[in-house]
Every structure is written in structure tokens, then in C-alpha cells.
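Feature annotation from Swiss-Prot assigns ATP binding site to 151-207; the stated evidence is sequence analysis. Annotation source Swiss-Prot lists Mg(2+) binding site at 281, 283, citing sequence analysis. Annotated domain 'ATP-grasp' per Swiss-Prot: 125-310, in sequence order, evidence recorded as sequence analysis.
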């Protein structure tokens, strides 16, 4: 029997209608896996050995009672076959420390989804620089004068921090906007932090597409997140509306170009953000949108994921 651990935010607070981690647990349970639940505070390191307090778990699609803890134990993480790291950002120093603990288990043979080193290496915004032929025009800088020159060149730009999620602190600065200076100062904290500028993509009106990639293979359907009227952010957390769709030709092209690199880096479950035919982000920490896509199309994304995990476990 496969023992699957999951590190996540408190399961008591999730919305099971939309939660991708919950969907993964349902599929793992359906396959007869033993489920071990952990929060960040359960992980620890003693003399180089990664351990945790885990609670064995059963889950069900029931809005009144969706989980039950069936036991509690303290065990070496190496006792688990696979661990899903599903803690939501912020990607802060605490998150980084947890990846070192998970990496000690990985060294003992546990499969970690996604690979701890790659979680540290691949910032969701900056990792797109490795695929710059697919992205909008992009500037990463602390320098206000460079941001101003970029804005003057493109006249309509998006500014964002490198560590936001859910559309937080994303600004659109149009031609003639008097606020560029103060936005640049705010995002760079007066030149002490990097921020990202990209030319505005009018295709955002048709949605910001979340394309999921499972161990290098694109899922054939995506979720287009369509901004509310007058809004430039499609994120569901920012009030956008989700619309599942089949991938377009350019979506396939982008996902197939990036897929092999993701697979090689042990990034087994990844969410690409695509606007029009441009790649804007590569989400590696805790990608979502499984449930919305599965509700609309005949595809089991969690099935693809568990198949990929089983294939990797057999190779070990």
C-alpha cells in the first residue's frame, strides 16, 4: 500500500468545492493509499532526520463533514512513499526551511511533489525568464528610472511584486497615468526590492488561462479566469470568473515547450498562467483549478497525477 503524506493549510478551513489538495486526497484514497496529514508545525528535524507528527486521515465529498482523523503518530518522513507539499504561499523563509526538512526525507528515498530544491529555485514570476521567447516584454528591476523608461516605451504596462499571489498588488499603469512614480516607489520600497514590469496584454479581457502540466504532460483543458468588468486581474481571488476551456494551439505549444524542463526538475504538478499566446507565470508551489476543470470536462487530472506518482515510485 502506498503511504501518501500531505503538507497543507488547515483542512478544517478549506472549500472542498474548489480545493485541489482535497481532490488529490480523494483520488489517493480511491486508490487505497494510506493518507497522512501534516501542517507546517508538524514537521521537524532531529540530528538530520526529517520527522513529523502525522494524522491518518479519511476524506469524503460531504460539505458537512469532509474529513476525519483516524490516528496520530510521530514518524520519520522516510516511512512515507510520497509527500505532496501543498502549503499555500507566501513563499517566505519559513516555507524555505520546510523544503530543507522535506529534502532530508527525499535523500532517504521519499518522493516529494514538487521537488524541494526546485521549489526554492523556481520563483513563480522569475522562472519565466528561462522561456523569454514565450513571455511578454519583461523588466525586473529596483530602479524607478528604468521602470519609467519601460512605461514610456510601451505606454500601457502591468507592475507586480515578485512574491504576490492571488492578484495581490498588481497595478496597471496606462499612458498619462500620474501614479507611476508612487506605484514604483511602493512596489520597490524606494529602490530596495525588485519588482516586475510587463507590457499590458489586451487579451486579458478573454481571460488569464491556468494550464496544468502533470509530470511534463499538459492537461488538455484549462481554466480561463475572466476579469470582472473594468478589472485587469483575472485571479479568482480577485473576483474573476472561471471558465473551463480546451487548450488552444498556442497553449499546447507553450506547455509542450516548457514540459520537459518541468519534468527534469521534478516539478510534477505545475500551473502555467497564459494570457493570449504569452506565458506570464509558472506556478510551482501549490497550483489549483483542478476541481473547476474536472467539473466541466471528462478528464481526471488527479488521476493523471497519481499515475505519474506511481510511475515515479516504480522507477525508484
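Backbone N, Cα and C atoms are what each Cβ position is placed from, and that goes for glycine too.
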In Å, rounded, how far does the Cα of residue 283 (Mg(2+) binding site) sit from the Cα of residue 191 (ATP binding site)? 26
Have a look around residue 283 (Mg(2+) binding site) and count the other CB atoms within 10 A of its CB, chains all included. 22
Least surrounded among the binding-site residues, given as 159, 183, when other CB atoms within 10 Å are counted: 183
For the domain 'ATP-grasp' (125-310), the mean pLDDT of the predicted model: 95
Across the binding-site residues (167, 191, 207), the Cβ with the fewest other Cβ atoms inside 10 Å is that of 191
How many Å separate the Cα atoms of residue 183 (ATP binding site) and residue 281 (Mg(2+) binding site)? 21
Given the binding-site residues 175, 281, the candidate whose Cβ has the fewest other Cβ atoms within 10 Å is 175
List of residues, in chain order, with Cβ under 8 A from that of residue 199 (ATP binding site) and at least 6 apart: 136, 137, 154, 156, 157, 158
What is the separation, in Å, between the Cα atoms of residue 151 (ATP binding site) and residue 281 (Mg(2+) binding site)? 20
Coarse DSSP state, helix versus strand versus coil, of residue 175 (ATP binding site): coil
Measuring Cα to Cα, how many Å separate residue 167 (ATP binding site) from residue 281 (Mg(2+) binding site)? 12
